[in-house]
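Below is one structure, written out as structure tokens; comments come after it.
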Amino acid sequence: MTEIFGKLHRSSNSENTNQASPSTIQSHSTQPVLSNDHSTKVNDYEGKEGASSNGYDPVFMSDRMKMRYNEITAQLHKEQSLKEDKESGSNSSESNGITPMGTYSEKPKLLQSRTPPSSCYIRHDTVVPKDKNGQHAFGRLYVRLHQGRDLNVKSVNAQPYAVITFEKTQVMVPPPFKDIDGGIPISIPSKNRPLAGSASGSSSGLHSELMLADVRCPHWDFETVFDVTKMKSQMVVSVYDKYEDDKFLGSVKITPIFLHEYVQEAWYKLEPLDLTKSLEGEIKVETIYEHIEHVRYGPEDFTALRLIGKGTFGQVYLVRKNDTNRIYAMKKISKKLIVRKKEVTHTLGERNILVRTSLDESPFIVGLKFSFQTASDLYLITDYMSGGELFWHLQHEGRFPEQRAKFYIAELVLALEHLHKHDIIYRDLKPENILLDADGHIALCDFGLSKANLSANATTNTFCGTTEYLAPEVLLEDKGYTKQVDFWSLGVLVFEMCCGWSPFYAPDVQQMYRNIAFGKVRFPKGVLSSEGRSFVRGLLNRNPNHRLGAVADTTELKEHPFFADINWDLLSKKKVQPPFKPNVQNDLDVSNFDKEFTNTNVKNINIVSNVDPANASTPLSNTIQDRFRGFTFVNKSIDEQFQNLGLQENEETDNLHACRTTTHSSVNSINSHGNPRTVDANDPVADTVFGETFEA
């Protein structure tokens, strides 16, 4: 990565930049050469004149440490002043605006807070490449997280780390390496030596302050690169303290400037999630955008690292993109299988919906980065959500506290709101299709059973979904069903999250159908508040016309007393701190996924093509291959994407009325955690058309 920074620096010429009044942004059209050196520490000056090479005597440390502290501070200010004068003279008389090799654009100093001067500048002769539609072509965003200062940490053992999020792709920045032998030597007083009022106690306290000052100003010097697939994207850098159980230290939202080889360098003030409160601390971030021509990717451009999931028609891999080393999830789908099962339309529909939701972004829906195909397979490349499936966490914890479940349900409501607003019915809401990112926010995935172009009161008839979450009208109504089926599934999900089992589960599928259509459910004792129970009853009303959400869709759900403490505006901007943060060590962490998959050896797996001899010997005909025309996702407008696809979105001709159902594999394992099915005898009854859902 450092080579890229240097390459961009050498490839462009700059003009002198006039520095404005102190602010928070420093941008250039050329790349200053960055050093991997950490900024000057206090101990760097211990060997200078006036410093003892033998450490110090703790008995006489108090006055000496104070004197040394003042000397160091004065020296830092002096060197910084000389450096600025030198750079100013160099830039004005000898330089063409390019920072000489081996120097710094700025070398931050410990114990000194200085906001760099601001300048926003780009050469007038810079050519900004555009595509044939007049839009800026896509490229790569290089990011360097330099350092922080004045972070709100209270312990010298603090381990500040960061999560950088861009277009839903997340990168973990580990805590900075601590040199155990570095810094001013620590003197540990003897147990029998008095501390109160002694010079030793005073020096120890001052030394602790210096150590804390060092910890509050971490130096990450971390570099990474992101694929840019849409303009106007923002980058979020969130800072946490691992030592204090992932305490949130603040975040910044940065809007990069997508001009070729444009450098943006700034100090950004950390902001709390609740803007009515204040936070200390700043971080220094640098970004460079690099334009690339339109590129068509294929499976050979990715390397499989782990298997993280497996389905009826293919597998999901953790992959690394070879040119940027960025980590993604790759869904590989066998063309032969979906043709044989008559699922071509559903599969292409999934891709279309991912394109639509990616271009009109929802923060709670997984983002599509690329899609492409070979003669035998289809490939969907999406953001990797390292927090794992919600199902995995529910399986391991049995059930969630109501507040945690409410947070997930609220974000799901916003995800469904986005889909319904765009006339999309989801139809497969279940824990396996809900992912968590590294911060603990949800992302809805797997749109294989979703249907687009379904207006508010329109109906559809396809019998599909996961058995335990099917709405009764899917089983009983010949006239079809509406988007209300998503709210029924949401009610089942709330019950399962809070109670620990599915309300309609039975070992026999036919019995499960009867339970959904006519069975009664009782809440367990001591679970769910009265508002929570009211919310579930409203969603599990068997009459879709009386169900919560039937009149005003998700607006009704958001106005329910169950969500009285939810600030929907802050939640939609991810400004509400999740109640649970997954344990994620790095970008390659798969510990939140099922080991049945992640322990699979992928070294011999060929993601480029099917290794099945049958597939190799009997290729698909040109007529069948033509059905997949337009699957590849490139940098085009959404209208062009759908025009290139040779079928209408609202067609469901492959498997109309054919049952595609799966039993929910989590039920037995969740019940095995020992959640007793004790019910509340005082729970009131809910009125429905098809029969009472809840038993008295």
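Using N, Cα and C of the backbone, Cβ positions are placed for all residues, glycine too.
Residues or ranges marked as active site, proton acceptor in Swiss-Prot (evidence: sequence analysis): Asp428. Cβ contacts within 10 Å of Asp428 (active site, proton acceptor), excluding its own Cβ and spanning all protein chains shown: 23.
Annotation source Swiss-Prot lists ATP binding site at Ile308, Gly309, Lys310, Gly311, Thr312, Phe313, Gly314, Gln315, Val316, Lys331, citing sequence analysis.
Residues or ranges marked as compositional bias 'Basic and acidic residues' by Swiss-Prot: 38-49 (among others).
Per Swiss-Prot, compositional bias 'Basic and acidic residues' is recorded for 77-88 (among others).
What Swiss-Prot lists as domain 'C2' is 122-272, and the listing cites sequence analysis.
The domain 'Protein kinase' annotation in Swiss-Prot covers 302-563, and the record cites sequence analysis as its basis.
Per Swiss-Prot, the feature domain 'AGC-kinase C-terminal' maps to 564-643.
The phosphothreonine feature in Swiss-Prot is assigned to Thr632; the stated evidence is experimental evidence.
According to Swiss-Prot, the phosphoserine annotation covers Ser665.
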DSSP three-state assignment for Val316 (ATP binding site): strand
Cα-Cα distance, maximum over Ile308, Gly309, Lys310, Gly311, Thr312, Phe313, Gly314, Gln315, Val316, Lys331, record's ATP binders, Å: 15
Separation of alpha carbons, Asp428 (active site, proton acceptor) and Thr312 (ATP binding site) (Å): 15
Nonlocal neighbours by CB distance (under 8 Å) for Gly314 (ATP binding site), same chain, sequence gap 6 or more: Lys331, Lys332, Ile333, Ser334, Leu337, Asp377
Lys310 (ATP binding site) and Asp428 (active site, proton acceptor), Cα-Cα, nearest whole angstrom: 17
Chain-internal residues, separated by at least six, CB under 8 A from Lys310 (ATP binding site): Val316, Phe597
Spatial neighbours of Ile308 (ATP binding site) that are distant in sequence (at least 6 apart) but have CB under 8 A: Val316, Tyr317, Leu318, Ala329, Val590, Phe593, Phe597, Thr598
Fewest Cβ neighbours within 10 Å, where candidates are the binding-site residues Thr312, Val316: Thr312
